[in-house]
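**Q** Sharing a structure here in structure tokens format.
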Amino acid sequence: MGPRVLPLLEPGCRPQAGKWYRMAPRGEWPRGRVGHGCLFVPGGSGRVLLLGGADPAGAFADAHFVELGAHLWAPAAWSGLRPRYEHATFLSACRPPRLWVFGGAHRAGNRSCVQVLDPEIGTWESPEVTGIPPLPRTFHTSSAAIGDCLYVFGGGDKGAEPVKDQQLHVFDTVALAWTQPDTHGDPPSPRHGHVVVAVGTKLFIHGGLAGDIFYNDLFCIDTTDMKWVKIAATGDVPGGRASHSSAVFKDHLYIFGGIGPDGTLDTTYKYHIEEQQWTLLQFDSPLPAGRLDHAMCVIPWRVGKNGDAAAVSKEDKAEPTASAGDRAGHLCRGQDKKACTEDTMMHLLLIFGGMDTQAEIYRDCIVSLIE
């Protein structure tokens, strides 16, 4: 089943609560893909980075930006990334931030290497690291870093089987070193396709898959005391799922989609971190197509002076191809004088790509208002 036709959200328009929209940035769209990284990159009006991923022909080594201010797709003219999908993507906390990747898979198998982008020359480097790295694995997340460190738990081995590893691995991007700190309490069982989300000093792990078992449990570890806690959440607790997406905004964690025992999912939940309560979010039709192995992030959305005009469904106009001058250069740019002011800002969940259980690869860019 192909993507359902969602209303188009035009630049500057005010989205309505409880609705899904599609975005149609100008320029040359990236190919549909699964297992890609997805990050919001601050600076100016902000940009969304899509990195790597795969389709049935193989793994990708490309990167693309959505320029939110210009509403434009722009390829990043970088080189040297080893093709990979279902990898970890993260920005370190140093200034300026640096873009890193870890793990993932390609046609020949899983990876355990890290790479970092040199933003001055646009080249991916493979630094020498010390310590014991994790076993090669898939580990699909863009939200598992705290400060300058990436936290790795679980991941995929082969097929539906996870790596048999319940150790927490920490990669320090400053020291270029892997460590395995001692933890307390019972860790989650081995799994892959789970979401890993950093909130302050805490890591939350939800769901995942091992063989034919779909998990619906929620764990937390505070990196200040390294104690695992299984959370007895309340409310509309989501059923077991894997390969779903996640994002955090203020005091809520959001998840969308994934796959469960009965197939792909098109539901969205939010989890109140302090109250430990799940809520199933309700949306008007049409809903996005259910999907797995997609990626999601939170973006700011500027509502213009005429922003109360409703977003409408219409046929997209033919879009021009991005010129060489539109190609993304530096990762983070300086503040734009026309950057959004606080009173005109809203925030959206943005999702790109994914697939269904019939191996249809999605190429859509969909958004929904965070209330």
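A Cβ is built for glycine as well, from the same backbone N, Cα and C atoms used for every other residue.
So Swiss-Prot lists these for the protein:
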| type | residues | note |
| --- | --- | --- |
| REPEAT | 47-93 | repeat 'Kelch 1' |
| REPEAT | 98-144 | repeat 'Kelch 2' |
| REPEAT | 149-201 | repeat 'Kelch 3' |
| REPEAT | 202-251 | repeat 'Kelch 4' |
| REPEAT | 252-301 | repeat 'Kelch 5' |
| REPEAT | 348-371 | repeat 'Kelch 6' |
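How buried are the listed features, and what sits near them?
**A** Helix, strand and coil counts from DSSP across the repeat 'Kelch 1' (47-93) read 0 helix, 25 strand, 22 coil.
Mean per-residue pLDDT, taken over the repeat 'Kelch 2' (98-144), amounts to 98.
Counted with DSSP, the repeat 'Kelch 6' (348-371) comes out as 0 helix, 12 strand, 12 coil.
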**Q** Ranking 47-93, 98-144, 149-201, 348-371 by the number of C-beta pairs under 8 Å to the repeat 'Kelch 5' (252-301), which range is first?
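**A** Of the candidates 47-93, 98-144, 149-201, 348-371, 348-371 scores highest.
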**Q** With a Cβ cut-off under 8 Å, give me the same-chain residues at least six positions beyond the ends of the repeat 'Kelch 6' (348-371) that come close to it.
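**A** Beyond its ends, the repeat 'Kelch 6' (348-371) has Cβ neighbours at 1-3, 6, 9, 15-17, 19-25, 29-34, 36, 38, 48, 50, 53, 55-56, 66, 245, 247, 249, 254, 256-257, 259, 263-264, 268, 283, 288-299, 301.
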